[in-house]
Every structure is written in C-alpha cells, then in structure tokens.
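*Asks:* Below, the features straight out of Swiss-Prot:
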type	residues	note
DOMAIN	456-586	domain 'RNase H type-1'
BINDING	Asp465, Glu505, Asp529, Asp578	Mg(2+) binding site
Amino acid sequence: MPVLQKRINKDTFGEILERVSSRMSGWREKTLSFAGRLTLTKAVLSSMPVHSMSTILLPQSILNRLDQLSRTFLWGSTAEKKKQHLVKWSKVCSPKKEGGLGVRAAKSMNRALISKVGWRLLQEKNSLWTLVLQKKYHVGEIRDSRWLIPKGSWSSTWRSIAIGLRDVVSHGVGWIPGDGQQIRFWTDRWVSGKPLLELDNGERPTDCDTVVAKDLWIPGRGWDFAKIDPYTTNNTRLELRAVVLDLVTGARDRLSWKFSQDGQFSVRSAYEMLTVDEVPRPNMASFFNCLWKVRVPERVKTFLWLVGNQAVMTEEERHRRHLSASNVCQVCKGGVESMLHVLRDCPAQLGIWVRVVPQRRQQGFFSKSLFEWLYDNLGDRSGCEDIPWSTIFAVIIWWGWKWRCGNIFGENTKCRDRVKFVKEWAVEVYRAHSGNVLVGITQPRVERMIGWVSPCVGWVKVNTDGASRGNPGLASAGGVLRDCTGAWCGGFSLNIGRCSAPQAELWGVYYGLYFAWEKKVPRVELEVDSEVIVGFLKTGISDSHPLSFLVRLCHGFLQKDWLVRIVHVYREANRLADGLANYAFSLSLGFHSFDLVPDAMSSLLREDTLGSTRPRRVRL
C-alpha cells in the first residue's frame, strides 16, 4: 500500500498517465486494425494502472483521463485527426454477452480492485495488517455501516478501503451456516441470497434484528417451524428444509460472496456487480454469444460486432449523424444504403449470395430482417464444402464491406472471381483456427454398453442420486445398498424441499453414507453420477462455497473408521438410485427408508441384477 504524506490530487498519480500515453504514442506509429487496438487496450492499457488501483482510489480526474486515453486509442483518434466513436463507451465497457467488448471502465475497475482488500480485511482476521487497521479504525461488523462513515482523520488508504467495503462488499456478503451462532436468522443473506425478511409473507417478527439461526434450531429435530411458519411463505420453508446447522463439529458460520458460484470473492464478479445494467432491455445474449463463437479472425468478429450494434458507417448512418447530405447507396443508386442493403440486398453483394446460397434456401435467406438474418446464419454450423456455413457467411460479409469501401474510395480491389476467392479464404481461415483453437474441438466418442456392476466380495455398493425440478426447485434424493450378488440391502428416498441439483446430489450422498454407517457396513463403494460432486468429496471445497456445510457433513462420515471408495459412474449405471430419487416426489417431506424393495423399483432392481445395459457414447 502507498505511504502518502500529502493530500492526493491529479499530480500524485500523473506518472500513470505518462506511462499510458507514452505506450500509446509508440503504437500509433504502427498500422493497427480495430481488433488489434482492442487487444492492446484490454491487455495493456487496462492492466497498467492495476497495481495503483488495487491499493487506493484514484482521483476522478485520473480515472476519466484513463478512459479517455483508451477511447481515443481504440477508435484510432489522434491529436491531429479525430475519428468517429461508433459505439458509446458505456456499451463498449459492457460484457460481450450484452453486446459490449468487455473493456474495463476505470472507475468501476478501481472500486472492484480496492474492494478485494476490504474482503480480505473481513476474512484474514489474524493477519498483522488486519489487526493494525482494526485497532486504529475500530473496525466493526459488516452489517453495521456506521463505522464506515468517512472521517477527516482517516488516511487516504483506509478511506479507499472503507468505500470499497461500503459500496461493494456490503452488497454481496452472504453467510454459510455452521453452528448458527453468528447468522442473523431474519436479516442476513443465507437462504436464496436474500434476507428472509424479503421473502416473508409481510409480517415482521418483533425480535428479528437479534435472533440468530441457532435460536430457531432444535437439536435432533431441525428447524422450529412453529416459530418460523407465521412469518414465512411455503417456498421459504421448503428452502429452509434443505439447510441444516452443524452442531457436531462446532464449525463457525462463515462469510460468502453471493455474486460467484463458489462463494469466493473475485475482482471480476465485483466488477460485474458494479456495472450490471438494471434497465430492462431485449435479451441479446444468445445473439452475441453466437457471434463471438464463429471461427473467423478477430478483425472479422469485431466487424460483426459493429454490425450487431448497427454502428457500421453506411450512408444511412452517416446521414443520421449529419455527415452526409444523402442516404442513397453510392454503388447502385437504387435505394437507401441501410445495413441490410449493404450486406445483402445491394446488387454488388446480391450476386455473390445468389451463387453461394442453395436455391432451396434463397427465399427464406432474402426475406428475413437484419437480426433474424444474422442470428440464423451465424448460428448455422451445418457444413458447406466441409466448412461451417457460419464461417463462409461471416467471410462474405467482411469481404463484401471491404470491396465496397475500396470501390467508393478508389482503391484497387479487382478480383476475377469473388465467389471462388471468399470460399478459398474461408477454407484457409477455418483450417487455421481449427488448428490453433481448442474450443470446439471435441474428443472422439465411441458407443459402449453401460450398466450396473456388482461390488467385490465383502463390499457393499451404495448408489445415490439427486434431482431438482427447476435447479433450484422442488428437490429429492435417493439411494440403494446392494451386496456382491446384487441383492437389496436397503434403500431410501428423501423429499428434501427446495434446492439446487448439486445440493440434492450431496443430500443423497450424505444419507447414503449415513444409511450404510447405521447398518454397520465395513467396506463401502459409493457410486455417484455427478463428476462435480465426486470432485467435492475427493478434493474438498472452500469454506465460502454455498455447499460447504453439506460437504463437511459428508466428510465427517468419510473420516470414520471404515473403508469408503468414491467412484463416478454414468447415469445408465445409476438408474435405481435415480428411480428412488424421483419416487421421493410422491412421498411426504423427509427421509423414508425401505427394508424391502418398493413395488415401483422392483423392475429396475431386476434389470440391474440380470446385467442389463444401455448404449452411451463416451469419450475415449
């Protein structure tokens, strides 16, 4: 962290601007495409101030200047010659799936970086730097923002950390249950990512600000729904049934970051939280995801991005910006030069499409609106002469625009056979990207017959499964114990309530281990059809993960005095456990054990015992 003895102003961090400006001046001497400037902006300009941004909040004038430098470089402007900024900066800084380019805005990035220091302050309680700050500035609980009100005696470093805590961290703090002594039952975020008061039926408990989770937990029975029911909805109660307190190991309640799937704080998730667009807009995520997946060079993708944002400088767009007196096409003189006219309907481009698009598809191809036309063709992975149609389509659009610009500005763009040229260029591009890009290259698959296999002599196999109708939604789990002959040793179904699919899977594992331990089985082979859950059980999970309380309970059984082997299997080998999980939806809430085979499961048990298999294509 910087040690500053004077008041911060724009001169304090002037060196950052000098470094960025000097780097840009060297690049401007080189001929760079828009895609090249974008790469440098994201990789270098956005990363140069990161160290300073991670330790202190920079003055707003510095942040504005950093954004200005990035903007002017990205669009190719210089002091001598200004260029049109085709898309507004806020759009450029939005995520790619929302139609942006993923460039980081300086102010939001600064706050996201400094908030990471604030998160560490809450997590690293015994670190020396944490102890010093806690003692000097009387750090309190994150729930109480009174200690975060700025004071004149604060240092610039602590003032920055406090702003990160107040404006970022406090909005994303959640809790993972342990012993329930710290979680405020009604006001903390620990179920569904929201306080229970925001999910209740409108009434407010009198002591809601002081009641902790342990106060409403009955050891050996679960939640005290007699006290909870009057203030909660049915959905909330179903979600509570999927959560338990750990009073056995004595694990404490832990902080979790609600804006990431694993509960761990990241600068990326904090930045996304700060820049989320809450204004209702059409969902264009599928369109732009499709656009960025096309196998073409980055310069073609960035042109497609301009097309998707309707920011290409056609005569219609130039006329709208008062840069041209007419919006008529300068090539055919036959109509308004709109985006669709340039890319498809102008005779200069139409001749190429007629020769490339099969006759049977031409009616639909030439009748669609701009976005429908782009989406259907950029997402078309069908082959055309061994090349995906999406690649050929994008290449034709790109070269059509280049040829058009060359014609208007008098450049020599002669090509004897343009259709042959674009096809050959598409083949070259596709082969280059197929050789260098791992994304999309799938491993070969072969068909194999998959079925349940009995355990070795002396072992009992436990198959478990979980199901969620909605993820999160109504959830259940099931499991079965069988010996080396395939005989039924016991089974269970669990109607959980409401939770996610991974949580349901873990409940199945927990009760499978519990069931086997109660039956005093010395050697267990646990089979689960979720690779994620197998990974949690074998390698562990961070304490901030939303499912860590369940993983800890499962590890409690794994550490007992017995042998447990954990194996991942395909669902075709786990059909009986899946059947018991789905059977639980027809039962009342809670755990149901079966010493005898339920009638609905007898056929599945018989098929497994007889060695029935089903085909599945698996990776080599």
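Placed from the backbone N, Cα and C atoms, the Cβ positions cover glycine too.
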*Asks:* Around the Cβ of Asp529 (Mg(2+) binding site), how many other Cβ atoms lie within 10 Å? Please give the count over every shown protein chain.
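*Replies:* Around Asp529 (Mg(2+) binding site), other Cβ atoms within 10 Å: 21.
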*Asks:* Taking the Cβ of Asp465 (Mg(2+) binding site) as the centre, how many other Cβ atoms fall within a 10 Å radius?
*Replies:* 28
*Asks:* Measuring CB to CB from Glu505 (Mg(2+) binding site), give everything in the same chain under 8 Å that is also at least six residues away in sequence.
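*Replies:* Result: Thr464, Asp465, Gly466, Ala477, Val528, Ser530, Val532, Ile533.
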*Asks:* I want the residues beyond Asp465, Glu505, Asp529, Asp578 whose C-beta is within 8 angstroms of the mean position of the Mg(2+) site's C-beta atoms, in chain order.
*Replies:* Asn463, Thr464, Gly466, Ala467, Gly478, Gly508, Val528, Ser530, Arg571, Asn574, Ala577, Ala581
*Asks:* Per DSSP, what is the residue count of the domain 'RNase H type-1' (456-586) in each of helix, strand and coil?
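*Replies:* Secondary-structure breakdown of the domain 'RNase H type-1' (456-586): 53 helix, 44 strand, 34 coil.
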*Asks:* Can you name the residues of this chain that are 6 or more positions from Asp578 (Mg(2+) binding site) yet have a C-beta less than 8 Å from its C-beta?
*Replies:* Asp465, Ala467, Gly478, Asp529, Arg571
